[in-house]
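Here is the structure we will look at, set down as C-alpha cells.
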Amino acid sequence: MYTLHAKVLDRNTNAELEPDTEFNIKIHDINDNAPRFEKEVFYASVPEMSEVGTSVVTVTATDADDQTYGNSAKLVYSILQGQPYFSVDSENGTIKTALPGMDREVKEHYQVVIQAKDMAGQMGGLSGTTTVSITLSDVNDSPPRFANHSFRVTTVESTEIGGAIGRIKADDPDVGHNAEMEYSIVGGHDTFNIITDQATQEGVIIIKKALDYESKRDYDFRVEVKNTYLDARFIHGVQFKDYATVKVTVEDVDEPPVFARNPYIIEVHEDTAAGSFVGVVLARDPDADNKPVKYVSQNMDPMQAGNYFLGFYGSELILTKDIRVWNISFTS
C-alpha cells in the first residue's frame with residue numbers, strides 16, 4: 001500500500017488552487033512465487049501392519065505470494081509417487097497409510113513424492129515438490145520357526161558337566177527385541193539342558209549330568225522355541241512357538257581298567273614256597289567287557305630292590321620267591 005498526497009498550484013503564482021488530495025495506491029499481487037518445502041528430503045517411520053489412515057508425518061510448504069489476495073498462495077497437496085501405499089491430505093500435507101497389511105518383512109522402505117501447488121491447485125499454478133523417505137518399523141508379527149525340525153549332536157562321554165555340546169537355531173524375520181527367543185526342553189531332562197545365547201539367539205545344549213558311553217549311548221528330547229515378547233494384536237490364530245527333536249549320540253573315550261575290589265587283602269603263610277598260588281585279582285575294561293586285561297605287579301621286595309617277589313599267570317597271583325613280610329599293589 002502506498003499513500004500519495006497531491007496539490008493543484010497556479011503555475012505563475014504558485015498559489016494553491018485546491019486543497020490536498022490523498023491517493024491510496026495498492027499493488028495487486030501476481031503469482032510469481034512457487035511453493036517451497038523446508039527440506040528436499042524428509043524422513044519418517046510408521047509401524048508395519050498399521051491401520052489404513054494412520055498418520056505418518058506432515059510436510060508443509062510456504063509461498064511468498066500474498067495470502068490475503070486471490071489464490072496465489074493457496075496451496076493444495078497431492079502425491080506424485082507412493083501410491084497405493086500412502087495418501088496425503090490435500091489441505092494440510094499430512095501423509096497417511098492407504099493400504100492395509102503393509103509388511104516390513106516384504107518391503108521395508110518407501111519413497112513418497114509430495115507436490116504443493118498454488119492457485120488452489122488450478123491449472124497454471126506454480127508447484128514445488130519434496131521427497132519423503134518412509135520406513136516401516138518392526139512389530140512382532142512373525143513367530144520363530146525351525147528350518148529343520150530334527151537336529152543331531154555328537155559328543156564324547158568325557159565332556160564336563162556344564163560343557164556345551166551343540167547349538168540349534170530357529171529363524172525369526174522380525175528384528176530387535178521382537179526377534180528375541182527362548183529355548184527349553186519340553187518336560188525337562190535329567191542329563192541335558194538348553195539355554196539361549198542372547199548374542200546369536202541360538203539354543204546352546206549343555207551337560208547337566210556326567211555321560212557314560214557304556215551305560216547309555218543315545219538320547220533324544222524335544223525342544224521348544226518361543227518369542228520372549230509377544231504383541232497381543234497378532235497372537236490370535238497364530239502359534240508363536242515351534243518344536244524340534246534333538247538326538248544326541250555319545251562317543252566312547254578310552255578308559256583305564258577297573259578292579260573289582262580296591263584294595264585286595266591276601267593272607268599268605270610265611271613258609272609258603274615260591275611258585276605257590278596265593279590268590280586271584282580281577283579287573284575289567286569298562287570300554288569292552290570281553291577285552292583282555294594284562295596284569296602287572298608294581299611293588300618290589302623292600303629288602304632287595306629290583307627283585308620281584310610276586311608274579312601273574314593270567315589273573316592268578318604266583319609267589320616267585322620266599323619272603324616273610326611284604327606289601328603289594330596291582331595295576332592292570
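From the backbone N, Cα and C atoms, a Cβ is placed for every residue, glycine too.
Residues or ranges marked as domain 'Cadherin' in TrEMBL: 2-37, 38-146, 147-259.
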Close approaches to the domain 'Cadherin' (2-37) from elsewhere in its chain (Cβ under 8 angstroms; 6 or more beyond its ends): 59-66, 69-73, 75, 114, 116-119, 124-130
Counts of helix, strand and coil residues, the domain 'Cadherin' (2-37), according to DSSP: 0 helix, 20 strand, 16 coil
Helix, strand and coil totals (DSSP H, G, I; E, B; other) for the domain 'Cadherin' (38-146): 3 helix, 47 strand, 59 coil
For the domain 'Cadherin' (147-259), residues assigned helix / strand / coil by DSSP: 4 helix, 54 strand, 55 coil
